[in-house]
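The following features are taken from Swiss-Prot:
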BINDING   Ser205, Ser206, Gly207, Thr208, Thr209, Lys213, Gln346, Gly347, Thr351, Asp430, Arg445, Lys537  ATP binding site
BINDING   Tyr253, Ala323, Gln346, Gly347, Thr351, Lys447, Lys451  (E)-4-coumaroyl-AMP binding site
BINDING   Lys274, Lys453, Gly454  CoA binding site
REGION    276-346  region 'SBD1'
REGION    347-409  region 'SBD2'
Amino acid sequence: MIIKVKGQTYFTSKYPNIIIPEKPVPQLILKHIRSKPDQVLLVDGLTFKEYSSHFVADTIEKVACGLNKLNIKKGDVLGVILPNLPEYVPIFHGTLLMGGITSLVNPDYTIEELSHTLATVSPRYLAVTLAVYEKIKNDLKRVFPSVEKVILVDIAGQTLKEIDQLTLSSDGIVMSFNQLINNNGKDYPIVRIDPKKDTAIIPFSSGTTGLFKGVCLSHHNIVSNTYQTQTIETSTYKKNDTVMGILPFFHIYGLMLFLMLMVKQGHRVVVLPKFEPVRFLELIQKYKVAISFIVPPVAIMFAKSPIVDKFDLSSLRTLFSGAAPLSSEVEDLIKERFKGRLVIKQGYGATELSPACFVIPSGLVKSGSAGILLPNQLAKIISPETGENLGMGEKGEICIKGPNVMLGYYNNEKATNEVIDKDGFLKTGDIGYVDEDGYYFIVDRSKELIKCKGFQVPPAELEALLLSHPKVADACVVGLSKGDMGEVPRGFVVIKQNESLTEKELLDWAHPKIANYKHFRGGIFFIPAIPKSATGKLLRKNLKDFNPPKL
């Protein structure tokens, strides 16, 4: 578990290294799906329509064939701006089958947010719902000048008529998903893919600070993390388990679980476009769901909400919480409510790690721990002050090396070199330690990143927004603890001299420009000056607990 190299301390996994196939994602996934052709793989949680493995595999190849007719080339980007839908699976894997890259973002993003994320990777194609298209159509050519075709995907048969009308009346840039897959699924070339070098997906992450950056993950990155996770999760799943697919597929946590691991293992996934507590619980009851992957706000519902008692949840065995830390108090409340019948598990990771690096093994829970190191990885704990490797039990920045570490940030070598050192270790930005049993503990989350409802909210993004207001001279944003939500943004603003501005005016101006979870639920305060270091760095910690009277 501890190894010494040139006098430096490193930590290995308790698990032996595993053999990870060097294959492209779609080759691996299609093989597993085709092996169980009659098994139900996906269920639409809105219509209850079921999709067999055979149907999903055929549709993946039809997507590839349709994209081939659109002249897709290796390395072309297809931007996915969709909620969780059954069509997500074939769109994702069909694009990769053609050597394309999928870049996935939140469908709730505003035009401004899309311009800072998806637009930066120059997608050639977009897959969107009608609602998203209506939001972006007037700015399409300005924000996405590289886009040649927009593929419209229906939700539960609700917008088919409108989509058909649009495809007839548009200037040819719009087509429906049904038109895309209207083929035999056979006429597409075999594209040569180098699993270790070729990018498969570009999700977005802020890292520990700053604006969002595209994270280039190779085919081998995500295949590796699928196998690494599966290795220590074998006892969690049973052959015919049904799982709930409520985590956003555009988030690396949901993507790896539902587009990779669950599909590979052949579990039935009930897909829900967005989390609605009653519908979520109804579906657990209806389909006898055994495992649900959740975020802390959903865990709090299981712990405290009275509606939970109205449903038969006896089939539920495991809740796996991720994306943000789950407190031991909430975990204990759930165990008490379900009389110890439910297993509560947690893991830890980052988009840059594809995403998992620690997972708590079944039956081996240690309170407060993020888990143990997955196989085929090496960890080191370094001193934030000196950069020296530290020993067991010593607190420092956690750094990870392994086949799941990203290729780098899209077109941003400087940012890549700041987080991946010369030896290939990714600096997580989190402070923690490892104990004598190989369990890792996070004692200080990355200071600047705000985690709201499991989503990353980079303060720098909101500060840039506030600073763009003509009456704002300076701004700083911090996270405020807010119970079920985790943290919410709180703004501090310096008004320009001889100008006047109210909190309501600033909120009314800012909120339409950002996704709902980024709203300033912690309020905005006006102060004389923003505290800064001698080098001009924002001293957020000085404002973290500062609570001045509002003007």
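For all residues, glycine too, the Cβ spot is worked out from N, Cα and C.
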Of the binding-site residues listed here (Ser205, Lys453, Gly454), which is spatially closest to Ala323 ((E)-4-coumaroyl-AMP binding site) when Cα positions are compared?
Gly454
Sparsest Cβ surroundings (other CB atoms within 10 Å) among the binding-site residues Lys274, Lys451, Lys453:
Lys274
Cβ neighbour count (10 Å, all chains) around Ser205 (ATP binding site) is 20
Of the binding-site residues listed as Ser205, Tyr253, Gln346, Gly347, the one whose CA lies nearest the CA of Lys453 (CoA binding site):
Tyr253
Spatially speaking, which of the binding-site residues Tyr253, Lys274, Gly454 is closest to Thr351 (ATP binding site)? Use C-alpha to C-alpha, please.
Tyr253
On average, what pLDDT score does this prediction assign to the region 'SBD2' (347-409)?
91
Enumerate the residues of the same chain, Lys274, Lys453, Gly454 excluded, that satisfy the criterion Cβ within 8 A of the mean position of the Cβ atoms of the recorded CoA site; list them in sequence order.
Pro248, Phe275, Val295, Pro297, Phe455, Tyr517
Measuring Cα to Cα, tell me the gap between Gln346 (ATP binding site) and Lys274 (CoA binding site) in whole angstrom.
22
Relative to the Cα of Gly454 (CoA binding site), which of the binding-site residues Ser205, Tyr253, Gly347 has the closest Cα?
Tyr253
